[in-house]
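Enquirer: First the structure, which I've put down as structure tokens, then a few questions once you've had a look.
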């Protein structure tokens, strides 16, 4: 029960000795690593199985034939992965028991997915791997999804938000439909062909009108869609401005607000349910320990012996800090018995996050060394280092501006080499003085110092290598190619690291540090969201390969600006004129990049038009569905997470209490994580 509560797991498991041994074995680090590695392997198969992504370029004009693995190679790896998954689902089903198994929809879906995948695997071998549709490839992301409790919670949160999102999406559809009707009436075909540019380009029929306004909702074709009508009469701009204001500024941002409101409420509810499972596990442990020893006749309520608990804690695998804190509290406990409330309170240490304590600075006996320690350990010495780093950046910018238009043979890198040498020596001296003042252990306990020290060491090695290869800076010190890197390449590498080192100023700027810490916390909490994005990307990429593989046919290696196609000159902004040939669905890697470009929604109308022309007009449904799921739902979920982290950080900063006498700190993010 301690093991269940430590990881916020449910206690609805078999608790006999063999089952508990199997439970510990299953949740051991080795078994979980094997399971994670298996999931990674089966997902990565999409890059090497037919159609393979093992080519230098995805451009259909220059791509060489890809290597296709022989039939049975990837299928054998896939079968091994399926065997691991069968063991996984068998152990899970045994541990939860038959009664809980029928209540667990994820386990039932797990078994169904394995059955369908194995059936499709057998069919694939019977066709000697020549079949074009492989259902099991679309089902692979499920193995990633079911293995993460956080992804399940996030998916459940999205599901709970769907009714509210559906209402706004329906309102968007009504908004789009009404304005489409207005547009078809406003820009109807007339007798004057010169005045029908708007009708010809964007509102020829109902599908084209809907597509044009849907793209305008994302502002990807603004102001292109408006220009023909606006050139005719400036009053037409009112229609497009009104459509954009209502749709993009009001309805789309309302959708963001709804997702944020629903999602943050579910996060809190999820934390509460996790804490409840921990409390339940601790209480169950209390009941078991209290039943091991008969209570005296005069005892009014069950209790646990402090000695028995101490013996159990010595055998339990848990965080050493929490174990030591609980044992310290137990040693100073005045009585021999613990009630249920006292037992629960004792284990509140599990919910606390330790505030890192930095090692003490060295104590010098010499008066001179004490003054040195005070001077170089003072924050003002750090501020001086920031000023020097800024001066280094400014000097590099000046030299780069002066040499921007010069040929490599015309550059004189004496000045740049000299200032780099000076500043790197200063950084080395600064690092050594800080170590002298703070001590090595205290210096390394600060992440900013580790960042500074690592970059200083790299810069010093590069500078020594440059001097060893090309000599010391002197007038006429010009780059020449020798070895792997030219002098100019070495100098550029050093300068890029110096620019990167300038990030040391972030902790000293209050609001910038707030933003950066929010981003870092976001990365820590982003695994569930990134996992769901991987699932969606994977499923849509495989579907896109099935629908559009080989659809894009190259027109030749010549420029297409003045080339005729379908008896007409290609218009500016088309797939061919923009040379978007690498964006296709001919292999998995190319499909992922294409979906990314569509998710960004810049010029996504080019993909809508091109794949509708190359394959079928119904292709628009695929791209619109991808836009809804990725750009509308997932991006808004990302914004919700960003707001939640930032608001929490801001509230803590604005209402910060003194932490000097507090050893531990509770955080909602830590418990949720």
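Just so you know, glycine gets a Cβ as well, placed from its N, Cα and C.
In case it's useful when we look at the structure, here is the feature table from TrEMBL:
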- 37-263: domain 'Ion transport' (DOMAIN)
- 381-646: domain 'Ion transport' (DOMAIN)
- 26-48: transmembrane segment (TRANSMEM)
- 69-87: transmembrane segment (TRANSMEM)
- 107-130: transmembrane segment (TRANSMEM)
- 165-188: transmembrane segment (TRANSMEM)
- 235-260: transmembrane segment (TRANSMEM)
- 380-402: transmembrane segment (TRANSMEM)
- 414-433: transmembrane segment (TRANSMEM)
- 454-472: transmembrane segment (TRANSMEM)
- 484-503: transmembrane segment (TRANSMEM)
- 528-548: transmembrane segment (TRANSMEM)
- 621-643: transmembrane segment (TRANSMEM)
Enquirer: Report the listed stretch (26-48, 107-130, 380-402, 528-548, 621-643) having the maximum count of Cβ pairs within less than 8 Å of the transmembrane segment (414-433).
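Expert: So the stretch in question is 380-402.
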Enquirer: Could you pull out which residues elsewhere in the chain have a CB under 8 Å from any CB of the transmembrane segment (69-87), counting only those six or more residues past its ends?
Expert: 34-35, 38, 41-42, 45, 48-50, 52, 110, 114, 117-118, 121, 124-125, 128-129, 136, 143
Enquirer: Taking the transmembrane segment (235-260) as the reference, which of 107-130, 380-402, 454-472, 528-548, 621-643 gives the largest number of Cβ pairs under 8 angstroms?
Expert: 621-643
Enquirer: Name the range, of those listed as 26-48, 107-130, 165-188, 454-472, 621-643, that has the largest tally of Cβ pairs under 8 Å with the transmembrane segment (528-548).
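Expert: Highest pair count goes to 621-643.
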Enquirer: Residues of the same chain, at least six outside the transmembrane segment (621-643), with any C-beta under 8 angstroms of its C-beta?
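Expert: Beyond its ends, the transmembrane segment (621-643) has Cβ neighbours at 154, 158, 165, 169, 214, 218, 252, 255-256, 259-260, 263-264, 518, 522, 525-526, 529, 532-533, 536, 540, 543-544, 547, 595, 598-599, 601, 604, 607-608, 611.
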Enquirer: Please give the average pLDDT for the domain 'Ion transport' (37-263) in this predicted model.
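Expert: So the average pLDDT across the domain 'Ion transport' (37-263) works out to 87.
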